[in-house]
Amino acid sequence: MKYLQLLKLLKGLSSYQLMGNSAKDITAIANHTGNIVPGSLFICVPGLKVDGHDYASQAIDKGAAALVVERDIDVDCTKILVRDARQAQALLSHAFHGYPSREVEVIGVTGTNGKTTTTFFIESILNQFGQNAGRIGTINCRYGNLIFPSKHTTPDSINLNKLLSEMVKSGTKAVVMEVSSHGLAQNRVIACDFDVGIISNVTHDHFDFHRNYQSYLESKALLFEYLGRDREAKSRLKFAVANADDASYDFIVSKAAVPVLSYSIYGPSDIRASNIELKSNGSSFEIKVGGKKYKFFLKLPGLFNIYNALSAIAYAWGRNYQFEGVQSALAEVQRVPGRCQRVDEGQDFEVIVDFAHNPDGLKNILTFAPKIPETKRIIVFGCEGGKDKTKRQIMGYIAGMLADFTIVTMDNLYSEEPLEVVQQIEKGLLEAGRREGLDYIIILDRAEAIKEAIAMADSGDQVIIAGKGHETTQTIYKQVKPLCDWEIAAGAIQMKLRNSLKNSKIYYLASLQLQQDC
Ligand SMILES: CC(=O)N[C@H]1[C@@H](OP(=O)(O)OP(=O)(O)OC[C@H]2O[C@@H](n3ccc(=O)[nH]c3=O)[C@H](O)[C@@H]2O)O[C@H](CO)[C@@H](O)[C@@H]1O[C@H](C)C(=O)N[C@@H](C)C(=O)N[C@H](CCC(=O)O)C(=O)O
Ligand SMILES: Nc1ncnc2c1ncn2[C@@H]1O[C@H](COP(=O)(O)OP(=O)(O)OP(=O)(O)O)[C@@H](O)[C@H]1O
């Protein structure tokens, strides 16, 4: 079993007060009583729901050897008093696992939308250049031949450092990871030695947690403040990559402790796309750097994916990777699960499943490719119950303005009444001048809503199913039931195709012939 002397481990902290016996061997670090093994160092985290200090006695009963606390508590155990338990947790777990983020290149990607897609692009570039990439993010984590689902976009610091150390041991040379604003605000990555920080954009989301745009932006900017701060850090050149077209740009640049490479489509920047061609099955664009022009092809459609590619290209430029290799690495990314993912069962209308779950994402997916004149664009979406309420009306308005027909449905619900969520979306639809029954309907059951959209679609139409992307379950209060937008849509299309075949003249004649033969 792995263990480390408590005193040695405490070298990872810059300030603390030790109370009790320090001659202890620590076998693991845990912040949940359910994960304690004998000899654990238990971190008492004052959480949003409960206070970890209230679990201290339980932790000792389960075999905790010492506690990290933010205030002295009356228990008979070695205690380490710190100012911020989550920060201490990050520093101690980094030390416990041998400072793994110093052993690999770490590229952090933050932003409201585009993190997952950007990490897929960068992973492809890293592999192209023999870096044996590791990837950490919302959909899953991957390194070597291992791939496993994620609980969080950015794991808590205990799991993050464990994962990083496994990646290091497996020979990973570079790790690209999504860094969520929750992860930054909760100090999950404060001990991580980032080499590169990338930001896609900062728009409206998670205001339930961050309260407002400024505090959300400040959380995102922490990634750029961290860059270059680790005193023991690697000697590799550190830099930041930022979107010069985004409202966050000036603030991010003001916070970055390292040089910033910029990318854009509209304004001036280091890496700027021109001659853009958008098609529903991909796009192409050009970049001029060092007096040379490079043409890039993407299989992922939409202008927003050009932005995601540009940030990956800026990263590659900062690392001096040959652009010929970058061109093929980006062209090789076939799809990102649940992101602008086509459902193709041979039907003559387009069906897209997408993870858009905030105003900007919804706007982007509703405009990702031009609509054929005289056809309809149908959107199916809902908003999560119990999360950011302020975005619902805005999303309803966007759907009302950009779609021809909207089916409002349920997303994950957690704690709220479904009708409460739906009515707030409806306010936005009404604001956009839409009428119930004619321009929108409400079908709470998500599977039924998707089936209805498929049933309504005519030749050339676009059906967009937004909000749950790659997810395969739906949470309604405490019940988690299987639900996959993609599978439901595919099943509904197959059924529609079978029915239309049954109604067709050829099918009728063929079955008549069959009856006669019998
Ligand atoms: C809002 C949020 O981020 N909450 C996180 C936070 O929970 P919390 O502060 O409420 O913790 P708590 O439940 O009050 O518990 C306090 C302490 O007591 C401990 N405890 C609690 C109960 C018990 O029986 N025993 C015990 O030891 C807990 O482990 C914890 O250390 O700290 C917990 C432990 O680290 C996280 O698991 C939890 O993530 C929750 C599950 C979550 O859903 N987070 C989401 C919002 C999130 O982080 N999302 C971002 C992506 C967002 C996006 O871009 O879409 C992500 O990075 O995944
Ligand atoms: N650069 C971008 N700008 C705006 N919208 C985008 C961008 N990239 C992707 N999107 C939209 O956001 C959705 C989520 O994309 P992606 O998963 O790459 O972002 P994310 O930041 O990882 O989101 P999350 O953390 O919530 O998983 C996509 O399905 C698409 O609708």
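A Cβ is built for glycine as well, from the same backbone N, Cα and C atoms used for every other residue.
If you look up TrEMBL, you'll see 36-76 marked as domain 'Mur ligase N-terminal catalytic'. Broken down by DSSP into helix, strand and coil, the domain 'Mur ligase N-terminal catalytic' (36-76) contains 10 helix, 10 strand, 21 coil.
What TrEMBL records for 109-315 is domain 'Mur ligase central'.
There are 23 other CB atoms within 10 A of the CB of THR112 (ATP binding site), with all protein chains counted. If you look up TrEMBL, you'll see GLY111, THR112, ASN113, GLY114, LYS115, THR116, THR117 marked as ATP binding site.
Under the DSSP three-state reduction, LYS220 (N6-carboxylysine) is assigned to helix. Of all Cβ atoms in the protein chains displayed, 26 besides its own lie within 10 Å of the Cβ of LYS220 (N6-carboxylysine). The N6-carboxylysine annotation in TrEMBL covers LYS220.
DSSP places the residues of the domain 'Mur ligase C-terminal' (338-469) in helix, strand and coil in these numbers: 45 helix, 26 strand, 61 coil. Residues or ranges marked as domain 'Mur ligase C-terminal' in TrEMBL: 338-469.
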Would you list, in sequence order, the residues of this chain other than GLY111, THR112, ASN113, GLY114, LYS115, THR116, THR117 that have their CB within 8 A of the centroid of the site's CB atoms, where the site is the one recorded for ATP? VAL109, THR118, GLU178, SER200, ASN201, ASN308
Pairwise CA distance, LYS220 (N6-carboxylysine) versus LYS115 (ATP binding site), rounded so that it is a whole Å: 12
With respect to ligand 2, which members of the recorded positions ASN113, LYS115, THR117, LYS220 satisfy a Cβ distance under 6 angstroms to one of its atoms? ASN113, LYS115, THR117
Near THR116 (ATP binding site), which residues of its own chain have a C-beta under 8 A away, given they sit six or more steps off in sequence? GLY137, THR138, ILE139, GLU178, VAL336, ARG339, PHE355
Restricting attention to the domain 'Mur ligase C-terminal' (338-469), give the mean pLDDT. 94
Using Cβ-Cβ distances, find the residues under 8 Å from ASN113 (ATP binding site) that belong to the same chain and are at least 6 apart in sequence, listing them in sequence order. SER200, ASN201, THR203, PHE304, ALA356, ASN358, ASP360, GLY361, ASN364
Among all the protein chains here, how many other CB atoms are within 10 A of the CB of LYS115 (ATP binding site)? 27
Going by DSSP, is THR116 (ATP binding site) part of a helix, a strand, or coil? helix
